[in-house]
Amino acid sequence: MRARPQVCEALLFALALHTGVCYGIKWLALSKTPAALALNQTQHCKQLEGLVSAQVQLCRSNLELMRTIVHAARGAMKACRRAFADMRWNCSSIELAPNYLLDLERGTRESAFVYALSAATISHTIARACTSGDLPGCSCGPVPGEPPGPGNRWGGCADNLSYGLLMGAKFSDAPMKVKKTGSQANKLMRLHNSEVGRQALRASLETKCKCHGVSGSCSIRTCWKGLQELQDVAADLKTRYLSATKVVHRPMGTRKHLVPKDLDIRPVKDSELVYLQSSPDFCMKNEKVGSHGTQDRQCNKTSNGSDSCDLMCCGRGYNPYTDRVVERCHCKYHWCCYVTCRRCERTVERYVCK
């Protein structure tokens, strides 16, 4: 007796959700770690959700790092939601960690972005924690070897990018290095995209300066190397998401490599995000493919971008509604030195997709 197609489809869907295909970003479930869990004893490591055994071991040997990694998980989720707030796929499924839907379980363009962002975020958060003195195992970054420029001097406390990259990669890449978890093609794709995220973070390191001098003359400036804000790194990765390359796992010499599907005469660039499977249009709700749909999503009637009602609503139309907004108004500056404002209320028209 042959199984019905619907039964087979349901079984395959359930299997995809429980085979550990997406172990690499299950650690983002640390965002749900309760504040009551102090994370000051090694036995706490086993209580953390979404970790593979190698990450549990890293937790035990670097216990002081775990509170920072919890902050990184929360930061990655927030940055993803902000970066894609104006898109059909709005990264809401990242909050289902560790039990993702197929938009992040499979080798999609969306999972490529999340792997890159999570790798960048954990390294960014650790590097900044070193600078702020929150981690006993690290301190400020090294003084650069190049000259600081005329009128400048190196000083301050640089973000410790090298330590952030080292510990971030150890933790976030650990699941992809576990044997018998997912296909080799998926592992290669996820490791590649994670490295793209770290590359974007390296590119965000810039010289920051503070002026010194009499009456603000800025006769000398103290400078240091600092990372851009995480949202700027996320914006860079979103640009790479929009131009991501579809790849296939193909033999080249004695081993298989990821090569562009349509341009397989050239290797994959180190700077580009790659994906193995095409995504749906995310117009209609369909959990089998990880789509939440865009019904009831807010859209912008006057925009020509991805948040426009035409694009966001997929041609289904939209419904208007009115909203009351309370804001500061009639502000006055008083000498010296404060501002007083009144509170004004106005009505605005908004639109949601049918």
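Glycine residues also receive a Cβ, built from the backbone N, Cα and C atoms like all the rest.
Keep in mind the model is a prediction, meaning the values are calculated, not measured.
If you look up Swiss-Prot, you'll see 1-24 marked as signal peptide, on the strength of sequence analysis.
Per Swiss-Prot, the feature N-linked glycosylation site maps to N40 (among others). Other Cβ atoms within 10 Å of the Cβ of N40 (N-linked glycosylation site) number 10 in total over all chains.
Around the Cβ of C91 (disulfide bond), the same chain contributes M77, C80, R81, A83, F84, E110, V114, each under 8 angstroms and 6 or more positions distant in sequence. DSSP gives C91 (disulfide bond) a coil state; it is part of no helix or strand. As annotated by Swiss-Prot, disulfide bond applies to C80-C91 (among others).
The annotation N-linked glycosylation site is assigned in Swiss-Prot to N90 (among others).
For the recorded site, C130 (disulfide bond), the DSSP three-state label reads helix. Look at Swiss-Prot and you will find C130-C138 (among others) tagged as disulfide bond, backed by similarity to another entry.
Residues within less than 8 Å, Cβ to Cβ, of C157 (disulfide bond) and separated from it by at least 6 positions along the same chain comprise T131, S139, C140, G141, W224. Under the three-state DSSP scheme, C157 (disulfide bond) falls in the coil class. What Swiss-Prot lists as disulfide bond is C140-C157 (among others), and the listing cites similarity to another entry.
Around the Cβ of N160 (N-linked glycosylation site), 24 further Cβ atoms fall within 10 Å across all displayed protein chains. What Swiss-Prot records for N160 (among others) is N-linked glycosylation site, and it gives sequence analysis as the kind of evidence.
In the three-state DSSP classification, C209 (disulfide bond) falls within a strand. Cβ neighbour count for C209 (disulfide bond) (all protein chains, 10 Å cutoff from its Cβ): 19. Here Swiss-Prot flags C209-C223 (among others) as disulfide bond, drawing on similarity to another entry.
The number of other Cβ atoms within 10 Å of the Cβ belonging to C211 (disulfide bond), over all protein chains shown, comes to 12. Annotated disulfide bond per Swiss-Prot: C211-C218 (among others), in sequence order, evidence recorded as similarity to another entry.
Annotated O-palmitoleoyl serine per Swiss-Prot: S215, in sequence order, evidence recorded as similarity to another entry.
What Swiss-Prot records for C283-C314 (among others) is disulfide bond. For C283 (disulfide bond), applying a Cβ distance below 8 Å and a minimum sequence separation of six or more within one chain yields R88, S291, G293, T294, C314, R316.
According to Swiss-Prot, the feature disulfide bond maps to C299-C309 (among others). Sequence-distant neighbours of C299 (disulfide bond) (same chain, 6+ residues apart, CB-CB distance under 8 A): D307, S308, C309, M312, C313, Y318, Y351, V352, C353. DSSP gives C299 (disulfide bond) a strand state.
Sequence-distant neighbours of N300 (N-linked glycosylation site): residues of the same chain at least 6 apart with a C-beta under 8 Å from its C-beta are D86, D307, S308, C309, M312, Y351. Per Swiss-Prot, the feature N-linked glycosylation site maps to N300 (among others).
Swiss-Prot lists N304 (among others) with the feature N-linked glycosylation site. With a 10 A radius on its CB, N304 (N-linked glycosylation site) counts 9 other CB atoms from all the protein chains.
Residues or ranges marked as disulfide bond by Swiss-Prot on the basis of similarity to another entry: C313-C353 (among others). There are 20 other Cβ atoms within 10 Å of the Cβ belonging to C353 (disulfide bond).
DSSP assigns C344 (disulfide bond) to a strand in the three-state reduction. Within its own chain, C344 (disulfide bond) has V326, E327, R328, C329, H330 as residues 6 or more apart in sequence whose C-beta sits under 8 angstroms from its own. Under the heading disulfide bond, Swiss-Prot lists C329-C344 (among others), citing similarity to another entry as support.
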Disulfide-bonded residues compared (C130, C309, C314) - the one with the fewest other Cβ atoms within 10 Å: C314
Spatially closest candidate among N40, N90, N160, C337, the listed recorded positions, to N304 (N-linked glycosylation site) (Cα to Cα): N90
Residue with minimal Cβ packing [other Cβ atoms within 10 Å] among the disulfide-bonded residues C218, C329, C337, C341: C337
Number of Cβ atoms other than its own within 10 Å, given for C138 (disulfide bond): 20
Spatial neighbour of N160 (N-linked glycosylation site) that is closest, considering only the disulfide-bonded residues C130, C211, C341 and their CA atoms: C130
Pairwise CA distance, C218 (disulfide bond) versus C209 (disulfide bond), rounded so that it is a whole Å: 11
Assigned element (helix, strand, coil) containing C223 (disulfide bond), judged by DSSP: strand
